[in-house]
Structure formats: structure tokens, C-alpha cells
Amino acid sequence: MGVADETSDDHGGHGGHHLPAVEDWPRGFGEASWWPFITAIGGSGFYIGAALYVLGRGDSAIVSPMVGPGVFIASAVMFLGGLYGWLYHAFVVNFWEHGTGEHDDSTLRLAMILFLGTEIATFGAGFVYYFFIRAGTWPPGELPELFGTLVIVNTLILIASSFTLHFAHTGLLKDNRKQFLGLMGVTLLLGVIFIGGQVYEYYEFIVHRGLEFQGAVFGSAFFGLTGLHGLHVTLGAILLSIVFIRGLLGQYSAERHTSVSTVSMYWHFVDVVWVFLVVVLYVGAEFGI
Amino acid sequence: MNRAVVEFGALCALAVLVVGFVAYARRCGSPRADGGYRERPLFHPSVLREGLVRWTTTTDHKDVGLLYIAFGTVAALWGGVDAMMLRTELLTPAADVWSEATYNALFTTHGVTMLFFFVTPVFFGIGNYFVPLLIGADDMAFPRINAIGFWLLPPALLIARAGLPSQVAAQVLGALTSGPLVDFFAALEEPGIGWTLYPPLSTTTASPQIDLLLLGLHLSGIATTLGAINFIVTIFHERGEGNSWATLDIFSWSMLTTSGIVLFAFPLLGSALLMLLADRNLGTTFYAITGGGPILWQHLFWFFGHPEVYILFLPATGLMSQILPKFVGRKLFGFRFIVYSTLAIGVLSFGVWAHHMFVTSMNPRLSASFMAVSVAIAVPSAIKVFNWITTIWDGRIRLAAPGLLCIGSIGTFVIGGVTGVFLAAVPVDVFYHGTYYVVGHFHLITVGIIPMMMIAASYYWYPLITGRWYDRRLARFQVGLLIVGSVVTFGILLALGFQALPRRYANYPAEFAPLQQVATVGGYLIGLSAILWLYNMIWSYWNGDRIADADVWDLKESDQFTPEWQWLEDRLERKYDVEPTEPETVRASYTTDPEQGSPHVLTDPERLVRSVVGDTLYGALGGLIGTLAMSGVLFTGSFIGVFDVSAFAELGGLVGLGEDARAGYLLFILGGVTTWAILFRAIAEFLPGRLLVVTGLSYATIMSTGFTVAFYTGQTGLELVGYLVFALVAHWLYGLGLAGTIRYAEYRRTVGE
């Protein structure tokens, strides 16, 4: 099977373009890496775990209910391990020698913008459901009081975090390391507080105000959308912590800040989605606009 | 019959045959005579281990491309076996080959496998291999995301189609033992809910395999989205020096637009699938009657589904625009407009989804607007077709396998596309929506252009990928088989639809059996052609003729030696010291000199219009003179009693003007001035006779035979002989009048200049 054996030597002489796998595992294969394969197996394992979990539910379960979560956790280990190895070899191992190519920056930024484009569609389906039921008889049943102090405070916290992140980034661009690190820390803290607020809100709604999603027309929209958004904020907080830690290690400068800017884009996007969500889902449902 | 065992057995037999054949072809092709070098056998442990490591760890865009193509081929064979089984069931009116439930499961899995796991992966594979070469990039922008995007697909396919191996496992294990494992496998059975997964059927059917299907599709959607992001970033940022947007090739434009559509279509499907999963398992109400209702699923699904149609179709048009010009020796006509039409399709594709829902309870006013956009989206597709046809015009057509496929699939695509324009109209759709017409329509596109362009690409670039030639004679035969098979099968499905036979049923009224059987035979031809293609690809990889130089298609002759072939030339020169070749003659693929044969007729529109008008008038005049001269002979004949003018009355009656001889005669003159004159002009060069006037006489002689049959009024004996003679003489006069006038006009024009 010698197709690319013959061709692998064609990639040496094309200018100074940085090839991704100069130091990788397995060695000696030129452009080769186990990490995508391992990560893919881990990622697929999530789905197999989810499938087994579904099969293990209910009275007519055909597998033990613990099999699904077990596979899921094992897959998570594999997935995260694969991801770590991937990022380690691609960005970390020779980080200090690796020059700053404008080329790489722009590709990664464009990729983030495109990913956010896909996110619009991901959220879109849930919002379409909400608009569908909103166009029908309203309200579809008893609704708890949605728009309260908690939401307002939480929203303000998230919006504030976007500002602190922005000024952290400008601080970095002005080589103001103190401003960068301080505001990054504040952003991360605000993000975590927001997640805490969301958890508290879920607790309030489910336990005290009887909002549920089983068979509930509004509950499906509410938990579907806020849950999806909550997952995104959680991922955002993880990304922020990675940036924060790398910032503490001094890996950023006014010239090298690609991941700061991509993570910022993501965080601002999640923030905007939240504002939209509050306007249509909380305010819109409550006041029947 | 036991479906699972039959299908699984067929697939296993196919796999064993392919692997065995690979080993055989490899052994036959090993060079043995030159110095004892001999490849290790295929099943040698070191070969297997090295192969495994190499292919699972590669991030090279060409390798990943080949992996995609191989995976897509496997999916195509799997979905193809489904199709063969469907067609086999339809050989008989009753559902007696498989059960109805099996039939339903088959058309579900056939659709899912072909649309999600065959077409997109193969096109992404071709794009992976060639987009970087065409735009001058080292690799894709993110080589490892490329690899992970591929490696998510095989598990996705296995999850989505776990039902088949599970059933086999359950039966095999069940024969030996019993227990929870057998129950587990037995519970996973491929569902018969249709590839569109409409609720409430999909939410209320208890089959757990539906959950797996949803998860598998979601995973494949993530893989596809990753690939799409990679393509967009690559085309935006990795173009080589000197390759601007203005010089970007047509195939990359198509892949770019396709990826743009994927970006919004697939994530939305992903969310919709998870919502369906939640409805099935968590008790949410997304598609329940109390909540969004089944109609919400249809909206979301088709908001993905119709763009998906163009995700499948646009890369095929890109390949057509890339390959066709090479086989007619002419540059792609209207390049810019093809790009615009591709972009227009990309945008419009998101505005037509509800034409799949005309027979639902949707607001009729919505239907009307979706009908308008759906009709409008035919325009950019038509722009492409007309530009392709114009590209062929005056080209030096070479009927090699890729060229044959291009021309054949323009034909099948025109039929598939035009039948779609009718379906876009609400009243037509309401009538035909549930019939085989729809199946015929979309298969003429999904088979009529998509796999045909894949196969065309596989032949066109085979020398580049492997350094060898495929078996060209076999390829032409295979192409012919594929085109004939497609037209037969899906043309008949259209006909069945015209007779309002409902689709999606395993059984049908007996009077449709003959047509269904012919369609099945056509389907088998398609299946056979797929096997022949696979045979050719494998055998030629080790045993085809080696290419002598990089210009295998003589592209330099028409100045179309595109970057991927230049890449091959560089490589051959560097590795094997193959000197770049220079063609003896060059015929530019694009020129403004009319003598060179480029369609630049509009350089002098006035002259063109004048000559067209002049030709028309002289043709009509010639026809009139001829017909009048002919009338003289006929009336003479009627005077002496061998011709009956009442024959004209019959002519009038035939077209609904009533049995009136005068009306019939006027019609006769009109025909002589238009139809027969035009026909003469069209076929004159194929008729005997060096001089135009002689050609006119032979034309008239042929015509007179038809006339004598049509105007025969029961003459016998001597009257009949007279009738025949008068008819012949009358026609000769017509031919003389017509050809003489045209010749005179030509003479005048030559003298005038």
C-alpha cells in the first residue's frame, strides 16, 4: 500500500510553513500521529456509552444500567487523554521555540468563527421549538415566575465577564501582564459564579416551583435551551482556565495571543446567546410579549 | 427469507472476495523477473502491522482522502446491497421475497447509508486529495482535525447500522446458547421508519436501534462539520502563491460552497436528532402533539434535508465542471457564471425546504412562497447545464470513460432536474408526492450525476493516484452499463409514478409487475457496473499499464494542464527523471478567433442576426415555391382522377380543424414552408448528392414514401400506379423548388461578398 510512502517526501520543501507533527508519536512516520485516532475512538465511545445507557433504562432494560455510564467514563478518559496528547505535541512541547506565524493565527481564528457559525444552527433548532410553542396557545400551562432577581444578577455577571475578558485581552496587547492576569482571573471567577447561579436556579425551579421537563411543553424548551447553554458556559470556563494557567506560565505576549482571542470570541458568543435567551425565554415567556 | 443472514452473508462474501482478489492482484502484479525483488505477501504479519500503523496514524491529506474514499465505497456497497434486496422484493407483486417489515427496514437503511455515509465521505475524500493540490497548499489547514473527522465516521456507521450485525450475532449465538447477550443482540433490529425519521412513528416505535441510529447520525454530523470547517479554512488561507480568488479552480469553489452549507445544515440536524432522542427517552415534548408537533420535526429535518441535497449535488457539479472541459478540449464556458450559480444554490438551498411538506397541514400561503423559491432554484442548475453543453460545442470530444460519464450524466441530470421542477409546483406535487415519480426524480440525480461524477473522477485521476492506467476498455463498458442501467431503472420509476403507483410499499397490484421487473433488471445492471468498477480499480492498481509521463490525458495540447497534473509531473521528474513532455500541436482551449473554433459568435451579432433571418426567409420561400409547384402536380393528378383532394380534408380533421379540404390544404402549405423545409436543412448533409439540388431530390424521394401512405385514398390498379407516379413527381418538384431557392440564396450571398 505504497501510495503516500512515495509522496511523503513532497512536503519538505514548501517554504517555511510549519508542519504540525514534527515531534510526535509514533516517530519516524513523518506526518503521522496516533492522537486523532485515539481521540476519535474516545469521542465515539461517548456515543456508544450513551447508546448503552439508553438501552439500560426503564423496565425493559436489556443491559445493566451501569454499563452505559461505565463506557462513557472510560471514553472520557480516552478522549481527554487523546486531546491532551494532541495539544501537547502540537502546541506545548516545542512551544518556546515555535515562532509566531501570522499564518497559523488567521487559520485558527477563522476556524473559531466558523465553529461559532455552526453553534448558531445548534442553538437554532431549540429556539425554533420555543417559537413554535410560543406561536400556539400561550401559556401552555402553569408557568412559574421566571424573570426574577436571580436571572437579572446572573445576566449582569455574565455580561460583566465579557467586559473583563475584553480588557484582559487589551491589557495583554499593551503588554500589561498584571492587567491581563488580574482580569482573566476575574473573568474566570465570574464565569464560575454564573454556573453556580444556574445550578441554584435549576434547584429552585425543580424543587420549589415544580418546573419539570417530562411531558412539559415549556419545560422542554426551558431545560433544553438553558441546559445547552449551561454546557457551553462550562466548556467556556474550562477554556478560560486553560488560558489563565497558560497566562500564569507566561506563554502569552502582545505578539502571541491566538488562543486568548479565540477563547474570547467563544466567550462573547456564549454571552450574546445568553442575552438573547433571557430576552425571549425568560422575559418573553413571562410577559407574553 | 432471513434478511439479516442473507444481507450479512452477501456483505461478508463480498468482503472475502475483495480481500482475496486484492491478494491475488497484488501477487500477479509483483515484479518478479528483475533481480529477485518480491513483495511480502499481503497477510504477512509485518505487512499487516505496518499497514495498520501507517493508515491509522496518517494525517497526510492524500492518505486521509483515500481513507474517506475507501470508507465511502464500503458504505456504498452496504447501501447497494440494501438496494439490490429492495429491487429483488419488487420482482413480484406480493411481498414474498422478504416481509413487509424487512422491506421497510431496507429502504430506511438504504437511504441513511447512501446519504450520510456514502456520498459526503466520498466527496470529502476527493476534496481532501485534490483541493490542496489544486490550490497549491501543502496539506489541509488542520491535518489532524482532518484525521479525526475521518476516524469518527466508521464508528458512526457501525452505531447507526448496528442492527444488522446484531441480528446475525443474535441468530448465531441463539443457535448455540441463550442468555442476556442473545437478548441484547436480538433487541437491536433495524427499524422500518424511513430515512426521514418522521415522528410520531419514530417517537412511538419501541425499537432501541432507533436510538442508536440517532446517535450514529449525530456523530457522523460532527465528523462532517469538522471536515467542512477544515475545507473552508484551507481554501481561505492555504492557497499557494499566485492563486487568488480570481484563479481559484471550479472544484474548490464547489467544495467551499458545499462546506458552507454543511456549516449550518448539519449542526441543526444534530440538535434536532438530540431532541428526538430526548423525546424518545426523557419524556420531552419537542415533537409531541402537545408541544412542537410532528410538523416541527419536518421543518427542522428538511431545513437540514434540502441543503443536504445540495451538499451531495454541488461537489458532483464541481467535478463535472473540472473534468468535462478536459475531454472536449475546450475551457469551461461561463466559468464565472457557474461559480455564481454555485453560490446562488448555496444561498437558495436554505429557502426551499418546505417543498417536501406540501401535502402536510402547512399554511397554503407558505406553500406558494416555497414553490416560488423551489422553481427559482432550478435556474442556477440550468445555468450550469447550459454552460456544460456550450463547453462541449465545437470541442474535440474524446469518448474516454470520464468523458462518457460527463456526457451521460448531463443527460440523466437534465431528466432528473426537470422532473424536479414539476414537483416544485404545489398542484403537481400534491398529486405525485406519494408516488414512484418522486423516487424516479431524485434517483436520476442521486445516481444520475453524483456517483457518475465520483466514478468519472476515479478514472480521470487514477493515473495520478496510482501511476498506472485502469483497464480502459472495461471502464467504457462499465460506464455504458451504468448509464443504461440508471436510465432504465429510474425512467421506469417515473413511468410508474405517472400511473400513480404509491411508493414505499413492498407489494403492489399485479399489473405493474412487468415494469417493476424491468426496473429491477436495470437495478441489477447498476449493481453489476459497481462491481466491475471495483474490480477495475483493484486489479489495475498492481497490474495496469504504467504511465509514461504526467500528461496522460494530453491536456497540454489544449492548454489545460492543471496544477494537480503539474504536481505529478514535478514528482515524476524528481523521483524517476521523467522529462516533461511537450505536445506536437496545440489547440487553445479558449480563443476569440472564430476560425479556431471557439464559440465566439457574438463578436458580430448583426451579421449573425442577418444571416439567421436571411436563412429563415429563403428557407420559407423555397418551401413555398416547392409546395406550390407540388400543388400544381397534385391538382393535375386530381383532374385526371389519380389523386383525391379529400385527402386534404382528412389532414384537416387529423389536427382538429374539421373535415375541410381548404383548411387541410392551408395546413399542407404551412407544413411545406416550415416543418419539411427545416427538416431538410437539418439532415441535408447526411443525404446522398454532392450538389444541394440533387440532395433536395433524394430528400423529396424519401419524403414521398410517407406522403403516399398518408394521402392514400383507396386507389387500385392503374389509378394506384398513377397516384404513386404523381406523388413522386410532385415531391421532386418540391425538392427542386426548395433546394434550388436555398442554393440561389447562397449563391447571391457569396457574390454579394
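Numbering starts at 1 and runs along the chain as displayed.
Every residue gets a Cβ built from N, Cα and C, even glycine.
A TrEMBL annotation is a machine prediction, not a hand-curated record.
Segment annotation: TrEMBL labels transmembrane segment over residues B:141-160 (candidates B:141-160, B:301-320). The transmembrane segment annotation in TrEMBL falls on one of the ranges B:10-27, B:64-81, namely B:64-81. Contact between the transmembrane segment (B:663-684) and the transmembrane segment (B:256-278) is absent: fewer than three CB pairs lie under 8 Å, with pairs separated by 6 or more positions in sequence. Here the transmembrane segment (B:256-278) has Cβ contacts under 8 Å with residues 123, 197, 199, 202-203, 211, 214-215, 217-218, 221-222, 224-225, 227-229, 231-232, 235, 284, 286-287, 297, 300-301, 303-304, 307-308, 310-311, 314-315, 342-343, 345-346, 349-350 of the same chain, all six or more residues outside its ends. Spatially, the transmembrane segment (B:474-498) is adjacent to the transmembrane segment (B:399-426); three or more Cβ-Cβ distances between them are under 8 Å for residues at least 6 apart in sequence. If you average pLDDT over the domain 'Cytochrome oxidase subunit I profile' (B:49-543) in this model, you get 93.
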